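Undergrad: The [4Fe-4S] cluster binding site annotation in TrEMBL covers A:C670, A:C676, A:C710, A:C714. According to TrEMBL, the feature siroheme binding site maps to A:C714. Annotation source TrEMBL lists compositional bias 'Basic and acidic residues' at A:1-10. TrEMBL lists A:31-316 with the feature domain 'FAD/NAD(P)-binding'. Among the features that TrEMBL reports, domain 'NADH-rubredoxin oxidoreductase C-terminal' is placed at A:353-417. Summarising the annotation, TrEMBL assigns domain 'BFD-like [2Fe-2S]-binding' to A:451-499. Here TrEMBL flags A:589-651 as domain 'Nitrite/Sulfite reductase ferredoxin-like'. The domain 'Nitrite/sulphite reductase 4Fe-4S' annotation in TrEMBL covers A:661-800. What TrEMBL lists as region 'Disordered' is A:1-29.
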Amino acid sequence: MPQEKDRPEEIDVQDQTPPDPADTTADRPRRLVVVGAGMVAHRLVEALLQRDTTGAFTVTVLGEEEHPPYDRVGLTSFFAGRDAEQLALGDPALWDDDRVDLVLGSRVTGLDRAARTVTTATGQVHRYDELVLATGSSAFVPPVAGADLPGVFVYRTLDDVARLQRWVRDRAEQHDRPLRGAVVGGGLLGLEAAGALQSMGVHSTVVEFAPRLMAVQVDEAGGHALQRIITRLGIEVRTSTATTAITAGPDGAVAAMTFSDGSSTDVDVVVVAAGIRPRDELARAAGLAVGPRGGLVVDDACRSEDPHVSAVGEVACIRGATLGLVAPGYTMAEILTDRLLGGQATFPGADTSTKLKLLGVDVASFGDAFAATPGALEVVYADPAAGVYKKLVLSDDAEVLLGGILVGDASAYASLRPMVGRRLGVDPAAFLLPEGAAAGPAGLELPDEAVVCSCNNVTAGAVRCAVSEQGACDLAAVKGCTRAGTSCGSCLPSVKKLMTTELEKSGLTVSRALCEHFEQTRAELFEIVRVTRLTTFSEIISRHGRGRGCDICKPVVASVLASLGGGHILAGEQAALQDTNDHVMANLQKDGSYSVVPRIPGGEVTAEGLIAIGEVARDFGLYTKITGGQRIDLFGVRLEQLPAVWRRLVAAGFESGHAYGKSLRTVKSCVGSTWCRYGVQDSVGLAVALELRYRGLRSPHKLKLGVSGCARECAEARGKDVGVIATEQGWNLYVGGNGGATPRHAQLLAADLDNDTLVRTVDRFLMYYVRTADRLQRTAAWLEELDGGLDHVREVVVEDALGIGADLEQAMAAHVDGYADEWAAVLADPEQLRKFTAFVNAPDHVDESLQYVPERGQIRPATPSERTGGAVLIAGAELEVRR
Amino acid sequence: MSLDAAPESLLAVCRLTDLVPERGAAALVDGEQVALFRMVDDEVLAVQQLDPYSGANVMSRGIVGTRGEAWTVASPMYKQVFDLRTGECLDTQGREPRRLRTWPVRCRDGVVLLARGPREG
């Protein structure tokens, strides 16, 4: 279990002399102490516990930070709302294992190799048989005057980014204007930091000492392409520029920066991301050899010159260099695990391939990206207008792929990277041209030994084996068997392709059929109905299905027809397709009665409206409750009472709230800038507009929206499928949130939108979801299942990469224009009203099985024992009803 | 029980046109609630209105469909699927099997007739 601080019982005072070497073969488990609790330490412990089947080791992990190991690579997603818990790595049950002790908030300050002990800052002593340094790196802060001022941050830990976020929020509130910021360093981390600042509404400048951005990963042309794209995103870039001083304002906080060319700029916040330095101070103090640029020198088994001291990850200097990427760190963790358990694994060399998305821009670099191999040829495709630069490095005979750089579009990365060192066999240009890059040229088959997932070192063969021999038949199962795609996820398209091909080979096809009547998925049915313009279930099932349907496919077809503007949901044959809730436009309760929810857009209701609802509830004897969506639910309505209840509600100006449908429910809002002291935008106004726009929209599952008028987020918008949060500049749009059994926080789709752009983006998002999601799949699950996930959706709805934006908007416009209140329409149609009878042969008879007892001044359904026990019963409400 | 053997036990419940194709309706027969379903070919099937899993009188409000060759209704409450002819539960949703009572039904001159003595399905 994670401990907050060193526990006194950890002190091992009895046994401070080095154990007799002969003792190491004794039965007691050997003590492994891991200094550092980062990603590589986590991988080491996970691998060791999994493979140490004889109980050879007990493990103590000493972490300096207060958090259990988390995804440092994904640190920037903190600004999109992923907290420490969501960033945590792996299964938390790992730390419940009796063999492991995770001690947090515990900095190791001393290493005594003779005594085989480490000492923490609080004076705790831990004895080890084997010591692993996994201390990682610290941020390098250049010796610039003022680098220690308040408002200057590094970008390394969760606490760093939390402090940065707090500072920006506080300063923005104090200054009441957009903040200006600067990032020192134009490498990978610097651009991540610039993206984080931009997401918080800070106008920033990236200052890079080298002549180009990301000098380690991309070449000159790639760096310039990247700079062009990033400048276009509104971030200023200054290359070949050194920062000479950071100066404070009157309040002592950072206020300006001066550069080598004598110019200066005003800043409210500075992030220093000028590189990292290995945390090798323990090794140095213990007299162990360190590399020329730091890092504990280790051999290919990850052992230092002291056979009981090893190092993994960024602190290790292996083959003369330290490596600032997680993939080689993971490889070291695997090597060391094998060695600790008596194996002979050796470090195969580092794969320094990188693919990342910075500020929404793809950047990938792999293999011999700089064409250092003698005679290497470069094939380049560049489209400055589209912001794309791609380069492949090939052997001198142009046959073997050596490496490459992709900027602006890295979709070919997943198919290219495993091919490094292999004959391409096809025209390299096929990988570079815009079309077909993602899938790779047809017919390309990866050899079994090609590594598909470099984070976890999973080969194509291992993925095939998971399918053919371990019976994995979906992506989740393949992930579980192989760990492929469980870290950065960039290989998932390749893994999925391998899996599908393998499944097809073994004659297995994964059934995606909706039910026994339709072989199609909901999304496929949607396309069929959209294209063929069929309007009845009979036609659709006779042409594209079999049988007469069921409770699975009928509501799906009804929903598809409704989403495509098929008129009233109860018109003609459609009535027979609807679930009882949609059929009577109310919510079935446990006793067979219904509840009724009038729409209250944005939760805004007049006193007259409240009185009217109250009078209906009183006159019909209904139980009333306020819902989580800021409206009022009226319970205990009998089937035959529904029209009378609605006649009253419609007369009072209410309309259907669609609480019964797989459709838009509510747009929850806080009170916003019209009343709230802190509100920055009119959240109620927007919520009402959105609710009136999307009301009645049928979708694969229910849809909930929320609008908050400031960053305090009182509307809990990030718990909604679509959440809108006000910023000083406009609105941030979040998607994919929900409450319920598996709560999800919505993720940022687009920032600082004006009203029109916001509505257009939500139009596209919702319609894309309606068209492509599975039955009963909420937006969170849809985003997760979709190839490319949120990034793909952003490309489609924000960047219009598929060119369907206008079509989606048009479809939504048709919905908005075609909207009519379902209940008002039914009240005007005597044919429709016929079904609201308790008994077809006794229309005036009341269902006597509906019985109620009083509770807290209202009614509730009688329990079975109350029915038989003759408790005081209320047989429905028989009050005079004003018509 | 055979309909032809005991014609006197038939009770006129409603007109066929009172029922909507592939949708149910509830009827009161001797104080008992019965769910009537009109199929596409105008055959009418009758089962108990009481949902044996939820204890609510709601079977007539379920969605009508097919499973293989069988006509079915799905309970609107917890989605168990029943064979409308035999009353057998074809999908128990993980619960123990329970049956629906069924009634023989006949249509004459557009009138739906129900055999009074319930037949165990």
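Glycine residues also receive a Cβ, built from the backbone N, Cα and C atoms like all the rest.
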Undergrad: Applying the rule Cβ within 8 Å of the centroid of the Cβ atoms of A:C670, A:C676, A:C710, A:C714, what extra residues of the same chain belong around the [4Fe-4S] cluster site?
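TA: Output for this site, in sequence order: A:V671, A:G672, A:Y678, A:G679, A:S683, A:S708, A:G709, A:R712, A:E713, A:A715.
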Undergrad: Is it the case that the domain 'Nitrite/Sulfite reductase ferredoxin-like' (A:589-651) and the domain 'Nitrite/sulphite reductase 4Fe-4S' (A:661-800) have 3 or more CB pairs under 8 Å, with pairs at least 6 apart in sequence?
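TA: Contact between the domain 'Nitrite/sulphite reductase 4Fe-4S' (A:661-800) and the domain 'Nitrite/Sulfite reductase ferredoxin-like' (A:589-651): present, because at least 3 Cβ pairs are under 8 Å.
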Undergrad: Considering only Cβ pairs under 8 Å, which range in A:31-316, A:353-417, A:451-499 makes the most contacts with the domain 'Nitrite/sulphite reductase 4Fe-4S' (A:661-800)?
TA: A:31-316
Undergrad: List the residues of the same chain that sit at least 6 positions away from A:C676 ([4Fe-4S] cluster binding site) in sequence and have their Cβ under 8 Å from its Cβ, in sequence order, or write 'none'.
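TA: A:C670, A:G709, A:C710 - these are the non-local Cβ neighbours of A:C676 ([4Fe-4S] cluster binding site), listed in sequence order.
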Undergrad: DSSP-wise, what's the residue breakdown of the domain 'NADH-rubredoxin oxidoreductase C-terminal' (A:353-417) into helix, strand and coil?
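TA: Across the domain 'NADH-rubredoxin oxidoreductase C-terminal' (A:353-417), DSSP assigns the residues as follows: 5 helix, 34 strand, 26 coil.
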Undergrad: Going by DSSP assignments with H, G and I as helix and E and B as strand, what are the residue counts for the domain 'Nitrite/Sulfite reductase ferredoxin-like' (A:589-651)?
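TA: In the domain 'Nitrite/Sulfite reductase ferredoxin-like' (A:589-651), the DSSP-based counts are 30 helix, 14 strand, 19 coil.
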Undergrad: Looking only at Cβ atoms, how many others are within 10 Å of the one on A:C714 ([4Fe-4S] cluster binding site)?
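TA: Result for A:C714 ([4Fe-4S] cluster binding site): 18 neighbouring Cβ atoms inside 10 Å.
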Undergrad: So how many of the residues in the domain 'Nitrite/sulphite reductase 4Fe-4S' (A:661-800) end up helix, strand or coil by DSSP?
TA: 52 helix, 33 strand, 55 coil
Undergrad: For the binding-site residues listed here (A:C670, A:C710), which one has the lowest count of neighbouring CB atoms within 10 Å of its own CB?
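TA: Each of the binding-site residues A:C670, A:C710 was scored; lowest Cβ tally within 10 Å is A:C710.
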Undergrad: Please work out the helix, strand and coil residue numbers for the domain 'BFD-like [2Fe-2S]-binding' (A:451-499) from the DSSP assignment.
TA: 25 helix, 5 strand, 19 coil
Undergrad: What average pLDDT is reported by the model for the domain 'BFD-like [2Fe-2S]-binding' (A:451-499)?
TA: 79
